[in-house]
Amino acid sequence: MKETVGNKIVLIGAGDVGVAYAYALINQGMADHLAIIDIDEKKLEGNVMDLNHGVVWADSRTRVTKGTYADCEDAAMVVICAGAAQKPGETRLQLVDKNVKIMKSIVGDVMASGFDGIFLVASNPVDILTYAVWKFSGLEWNRVIGSGTVLDSARFRYMLGELYEVAPSSVHAYIIGEHGDTELPVLSSATIAGVSLSRMLDKDPELEGRLEKIFEDTRDAAYHIIDAKGSTSYGIGMGLARITRAILQNQDVAVPVSALLHGEYGEEDIYIGTPAVVNRRGIRRVVELEITDHEMERFKHSANTLREIQKQFF
């Protein structure tokens with residue numbers, strides 16, 4: 001497995017998610033050069049100007065430019081945020097047909113440049129579109145990563161932190177499966193400030209109802225946000241920046257992403273949300289969590305849901 005070289009990033013798609021990611025990236029000073037590609041040239045020009053004016057106050061300088069696909073040739077990463085937007089009431093899986101075609105076009109142009117880095121995909125439905133990018137690119141599986149359940153896990157940790165009045169950084173809990181309606185919480189391995197959530201459940205049976213409500217709020221958060229403001233952006237932008245940092249700083253840190261399975265959880269040939277160790281090679285390894293029989297049953301349902309959609313296109 002080869003390491004990606006340099007800190008240049010090409011961002012494809014400067015909508016709400018893409019710009020939020022670019023803003024987070026600049027504030028964290030991770031890229032030397034951020035080239036942005038978007039079909040709306042006028043709006044892109046305004047975003048590039050606006051971001052560059054903010055770079056003045058960042059801790060380190062990021063050169064932000066209007067990009068072309070030729071910029072991908074020497075990029076360490078290509079981050080895809082482009083695609084048809086999710087409409088109010090529309091599930092992520094309903095976006096498949098439109099966005100698979102968009103991915104095929106984008107990936108063809110990227111690979112024609114000679115790109116040899118890492119793809120990070122955020123377009124929805126992210127698990128299936130990450131699989132599409134892998135198939136269309138011909139790259140090794142570990143160099144194609146989806147944002148997966150990074151945002152869902154963050155939402156879950158935040159809400160658990162609110163319940164127990166601790167910082168989210170002291171909450172260790174994962175959402176796995178599809179980034180969408182069939183995802184599931186892994187309560188069996190979750191800890192709050194080092195205390196097992198399973199142990200808390202044993203002591204307080206009524207806690208189960210509160211946790212189920214928190215999970216439902218986590219799962220449905222995107223629908224509420226989209227209904228209120230049209231799209232999700234800041235949370236996923238920060239999540240993408242976290243994955244980017246893990247890659248470019250070669251951190252070998254476990255992050256909940258969409259990764260290709262090779263027998264983990266008894267599944268293969270699908271991209272799905274699970275913790276994975278990430279570094280400059282992309283995904284070093286998938287982390288297979290020890291989950292209960294009930295959690296496994298729900299995970300299998302999630303995997304089958306994705307597979308049924310995926311097989312219509314691949």
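Even glycines carry a Cβ here, placed using N, Cα and C.
Annotated features in Swiss-Prot:
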{"type": "BINDING", "residues": "Val17, Asp38, Lys43, Tyr69, Gly83, Ala84, Ser105, Ala122, Ser123, Asn124, Ser147", "note": "NAD(+) binding site"}
{"type": "BINDING", "residues": "Gln86, Arg92, Asn124, Pro125, Val126, Asp127, Asp152, Ser153, Ala154, Arg155, Thr232", "note": "substrate binding site"}
{"type": "BINDING", "residues": "Arg157, His172", "note": "beta-D-fructose 1,6-bisphosphate binding site"}
{"type": "ACT_SITE", "residues": "His179", "note": "active site, proton acceptor"}
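Sequence features annotated in Swiss-Prot and their locations in the structure.
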{"residue": "Val17", "record": "NAD(+) binding site", "DSSP class": "helix"}
{"residue": "Lys43", "record": "NAD(+) binding site", "DSSP class": "helix"}
{"residue": "Gly83", "record": "NAD(+) binding site", "DSSP class": "coil"}
{"residue": "Ser123", "record": "NAD(+) binding site", "DSSP class": "coil"}
{"residue": "Ser147", "record": "NAD(+) binding site", "DSSP class": "coil"}
{"residue": "Asp152", "record": "substrate binding site", "DSSP class": "helix"}
{"residue": "His172", "record": "beta-D-fructose 1,6-bisphosphate binding site", "DSSP class": "strand"}
{"residue": "Thr232", "record": "substrate binding site", "DSSP class": "coil"}
For the binding-site residues listed here (Val17, Val126, Ala154), which one has the lowest count of neighbouring CB atoms within 10 Å of its own CB?
Ala154
By Cβ count within 10 Å, point out the most packed of the recorded positions listed: Lys43, His172, His179.
His179
How big is the Cα-to-Cα gap, in Å, between His172 (beta-D-fructose 1,6-bisphosphate binding site) and Ala154 (substrate binding site)?
10
Per DSSP, Arg157 (beta-D-fructose 1,6-bisphosphate binding site) is which: helix, strand or coil?
helix
Quick one: Cα separation, Ser147 (NAD(+) binding site) versus Val126 (substrate binding site), in Å?
7
If I take the Cα of Val126 (substrate binding site) as reference, which of the recorded positions Val17, Gly83, His179 has the closest Cα?
His179
Measuring CB to CB from Asp152 (substrate binding site), give everything in the same chain under 8 Å that is also at least six residues away in sequence.
Ile175, His179, Glu183, Thr218, Arg219, Pro256, Gly273
Would you mind pulling the DSSP three-state label for Ser105 (NAD(+) binding site)?
helix
Spatially speaking, which of the binding-site residues Val17, Lys43, Ser105 is closest to Ala154 (substrate binding site)? Use C-alpha to C-alpha, please.
Val17
Around Gly83 (NAD(+) binding site), how many other C-beta atoms are within 10 angstroms of its C-beta?
25
10 Å Cα neighbourhood of Asn124 (substrate binding site): matching binding-site residues from Val17, Lys43, Gly83, Ser105:
Gly83
List, in sequence order, the same-chain residues at least six positions removed whose CB sits under 8 Å from that of Arg157 (beta-D-fructose 1,6-bisphosphate binding site)?
Pro168, Val171, His172, Ala173
Counting other Cβ atoms within 10 Å, pick out the least crowded of the binding-site residues Ser105, Ser123, Asn124, Thr232.
Ser105
Near the Cβ of Ser147 (NAD(+) binding site), how many other Cβ atoms are there if near means within 10 Å?
31
